[in-house]
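Trainee: This is the structure I want to talk about, given as structure tokens.
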Amino acid sequence: MLKSFSLIGKNITKNVSLSSSNKFLFGKNHQNMKSIYSSIRFFSSEQELPPRDSDQFDVVIVGAGPSGLSTAIRLKQLSEKAGKDLRVCVVEKGSEVGSHILSGAVMDPKALNELIPDWKEKGAPLITEVKQDKFYFLTENRSLRLPTPRLMHNEGNYIISLGNVVRWLGEQAESMGVEVYPSFAASEVLYHDNGAVRGIATNDMGIAKDGSLTSNFTRGMELNARLTIFAEGCRGSLTKGLFEKFNLRDECEPQTFGLGIKETWEIKPEKHQQGLVIHTLGYPLSDELLGGSFIYHAENNTVNLGLVVGLDYSNPYLNPYQEFQKLKLHPMVKDMLEGGTCIQYGARTINEGGFQSIPKLVFPGGALVGCTAGFVHVPKVKGSHYAMKTGILAAEAAFPQLISQQEKEQEQEQDKPSVEPLLINEYPEELKKSWVWKELREVRNYRPSLHWGTIPGLIYGALEMYIFRGHTPWTLSNGKPDNERLKPAAECKKIEYKKPDGQITFDLMTSVMRSGTNHEENQPIHLKVRDMEVAKKVNRDIYDGPEGRFCPAGVYEWVEGEKGEKELVRNSVFCLHCKTCDIKDPTQNIDFTVPEGGGGPKYGAM
């Protein structure tokens, strides 16, 4: 059931009231939201579902990550400067702002400097400035230090917890009047009769696993807006539908992804070097696998350790989680971790398609910002500053149209907002003039060149980086989508992994417990299998159940059923919302949909 609203860790309850038309008003200084939810509960699963209650905003933003919150903050800054008032709402499926955020992370403060120039004075949690970069090529037992590539230099950048930065951004947004609602999972895009986006709906709560309504059933809400900004992060569940409805990917290449698996450790003080940034290529990944590791020495003797595995791999027996365990047994890494304590674990997919995989960004009534659109600099292993910049640009493009429509309605004394869709074409136009576009275009050939192998890819990447600087007349292709890359199990060699030692390496369930993930068990499974027979005939019989290995949370298992054949079991309570299954399933037979709001991981300083 829904909980009262506790924003960004504070004991602040958002207040609402019912208008004469029985619609929600989220604003402050009204009666308690919880009492209104009580008024729309229903006590029998046999009752016909009523219409959703609704509310009207100027802008609704889906996702309280760096892109969504930057959009909200810039809109409020522009409103204040112009003496206007815009009602801006941010909905977040995590239990609090930041609870679903996982990143390395080393942050380039360029976009933050633009958004909030006095961020230091306001206490932004950018604490550890990078002091040294190191770059290694690893073999099974050795490490060869190489010159750090130009684009991987981190002078002036900060080792951060992106979750903590996002929590701080949420506080800044709220202080400016942005309405931020965690535990609200956007489950549906709403459309006007003319096909334009008119907002989103949150999912119903209190539906039992068998589909019946519990005594705590609560209808979802419609959040209508002049403009809806989708900032869902990598592989957004609503964004997938928008790609198809508005043909947003017709003129770009398929996106390609990586799976990032991360642990935070507290290590011995004598082994800690605050401000040190290490990136590696090579071991534990074989030459045909794309990816690499990162080791970031943050404050308080903590180290952020992670491995990114390209999801365009072909061997269905590959297990990214086990590859990460292998990394920790490398002498350079193991020596650092010995005597330390693993504090947190998590996983999340990352866009790696780059420049050639960026979709169309605007459509009637809406826009895409940040990682949901694929803005990640692969060589730099960074995306948060791009997320923030795209949010800033989207807000600046939208603001004049929002105010113009608002003023027009006031002149005509309209009671209801206009249904004329906003189309903020200025956003992609300004983006193409920005440093984001320039930088992504410059490195567009780096990721696809690695398909030639690690060493040839590094040589070509060096030529691109130092000689051509992105000015080559060609653009390399990312090739087939990741889900089409797997080879049949019969053509591949099984991979044997060592048992965990419980000190440096861990069994999967021990790690999952460190993520804090949790879901209401009595709810429909949110990982939908469209056709279970396809899963059996393709996933099980041809690829030997790859979802049991590519999932970094142990959600999927093939277990012997009553008829003696293996059946697919989904332990969705363990789900980390990483979206790997949605991406890598060979026939795109698995769909990630949002569970009840507030479910999923509860990442702390990840």
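Placed from the backbone N, Cα and C atoms, the Cβ positions cover glycine too.
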Trainee: Please identify the range among 385-405, 448-468 that Swiss-Prot labels transmembrane segment.
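Mentor: Going through 385-405, 448-468 one by one, Swiss-Prot gives transmembrane segment for 448-468.
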Trainee: Taking the Cβ of VAL59 (FAD binding site) as centre, how many other Cβ atoms lie within 10 Å?
Mentor: 26
Trainee: Could you name the residues, excluding CYS551, CYS575, CYS578, CYS581, of the same chain that surround the [4Fe-4S] cluster site, i.e. Cβ within 8 Å of the Cβ centre of those residues, in sequence order?
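Mentor: Neighbours found: ALA347, LEU527, PRO552, ALA553, VAL555, TYR556, LEU576, HIS577, LYS579, THR580, ASP582, PHE592.
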Trainee: Could you check the binding-site residues CYS551, CYS575, CYS578, CYS581 and say which one's CB has the fewest neighbouring CB atoms inside 10 Å?
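Mentor: Least crowded of the binding-site residues CYS551, CYS575, CYS578, CYS581, by Cβ count within 10 Å, is CYS581.
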Trainee: Where among the binding-site residues GLY63, GLY65 do you find the Cβ with the fewest other Cβ atoms within 10 Å?
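Mentor: Counting other Cβ atoms within 10 Å of each of the binding-site residues GLY63, GLY65 gives the minimum at GLY63.
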Trainee: May I ask for the distance between CYS575 ([4Fe-4S] cluster binding site) and SER67 (FAD binding site), taken between their Cα atoms and rounded to an integer number of Å?
Mentor: 24
Trainee: Quick check: in three-state DSSP terms, what is ILE61 (FAD binding site)?
Mentor: strand
Trainee: Rounded to the nearest Å, what's the C-alpha distance separating ILE73 (FAD binding site) and CYS551 ([4Fe-4S] cluster binding site)? Just drop the number here, would you?
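Mentor: It is 35 Å, counting Cα to Cα.
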Trainee: Between CYS581 ([4Fe-4S] cluster binding site) and ILE61 (FAD binding site), what C-alpha distance do you get in Å?
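Mentor: Taking the Cα atoms only, CYS581 ([4Fe-4S] cluster binding site) lies 25 Å from ILE61 (FAD binding site).
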